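As written in TrEMBL, here are the features:
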DOMAIN    26-219  domain 'Cation efflux protein transmembrane'
TRANSMEM  26-46  transmembrane segment
TRANSMEM  58-77  transmembrane segment
TRANSMEM  89-111  transmembrane segment
TRANSMEM  126-149  transmembrane segment
TRANSMEM  161-184  transmembrane segment
TRANSMEM  190-208  transmembrane segment
DOMAIN    222-295  domain 'Cation efflux protein cytoplasmic'
Amino acid sequence: MFGVLLHGHTHSSFDVHINVSIYKRLFIALCLTVGFTLIELLAVYLSASVTLASDAGHMFIDSLGLFNALIAARLVAKSNRNSHRTYGLYRVEVFSAGVSILIMFFLAFLIAKESIMRLVYPEEHISGWVIFVTGIAGLLVNLSAVLVLHSAKQKGINLRAAYMEVLSDAIASVSVMLSAILIILTGLTIIDSIAAIAIVLFICYRAAKLGKEVIRILLQASPVDIQEVESSLLGIDGVISVDHLHAWTLSDEKHIATANILIHKQTDQNKVLVEAERILYEQYGILHTTLQISPMRLESRLACGGPVISHR
């Protein structure tokens, strides 16, 4: 069987589109987050609140995530493909997200440990008003960061993670405010530890969700249902079978697919290629494809004991 390797690029899947405005947005969000983290650490000292300590840890994690996103975006934008890195440095985004996940779990462990100790040995003096004012300030800062990053959230796994980080910070700030109100009204300092544990659980949930995505990409698991893709390609006029169909993710939404498509001898190969690329892009979001179009030859039919039949 002889095939013609037709490599189509109707969509430039590996061109870098990360512009200067995204760098600026990431940098502004990073400055807001780092600045407030320092303020919150002072509030922790003044209030003796483990809730604020957990939120400060949360903010630190997100500051690190924003920093990683900034560095990763810079590396991806400036990297050129060469004979050693044929796809450039897109995977830096994934590894960067992985580092953030490990730090998230580590800090969650430290905060949970301190919170449990506070449940056993409650703190007698906790300033609810300091917690409340800090929570309001944190909410305003985080909402500002959310607005700054909103337009960049679909530009990659790190940028989406950065957006979700500041959004989760805003949610955590609401939790801080609610716990402060309850402490002021009831005087029960144990509420502080309970709120801190709630934030820890939220951090772990976020880390697990992002970790699942990172593991999927690193294991090169298919981002789509391969059998469904094969069925769609078999629906193209003139296609006999689809072999060696593989799909994986390079980084976030940058999906890749390869396949060997067997067609009838009289079928127009270019038409099959164009239609296959259209299906892969429009139905499955796969931008980068390498497709081998192989016309069925008479000797191939005889070698197989007759015509090749593919179930559709």
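Placed from the backbone N, Cα and C atoms, the Cβ positions cover glycine too.
In terms of C-beta pairs under 8 Å, the stretch of 26-46, 58-77, 89-111, 161-184, 190-208 lying closest in packing to the transmembrane segment (126-149) is 161-184. Proximity of distant same-chain residues to the transmembrane segment (58-77), defined by a Cβ-Cβ separation under 8 Å and at least 6 residues beyond the stretch ends, is recorded for 16, 18, 22-23, 26-27, 29-30, 33-34, 36-37, 40, 88-90, 92-93, 96-97, 99-100, 103-104, 107, 138, 155-156, 158-159, 161-162, 165-166, 168-169, 172, 199, 203, 251. Same-chain residues lying 6+ beyond the ends of the transmembrane segment (26-46) with a Cβ under 8 Å from its Cβ atoms: 52-53, 55-56, 59-60, 62-63, 66-67, 69-70, 73, 127, 130-131, 133-134, 137-138, 141-142, 144-145, 148-149, 152, 159, 162, 166, 169. When averaged over the domain 'Cation efflux protein cytoplasmic' (222-295), pLDDT in the model lands at 91.
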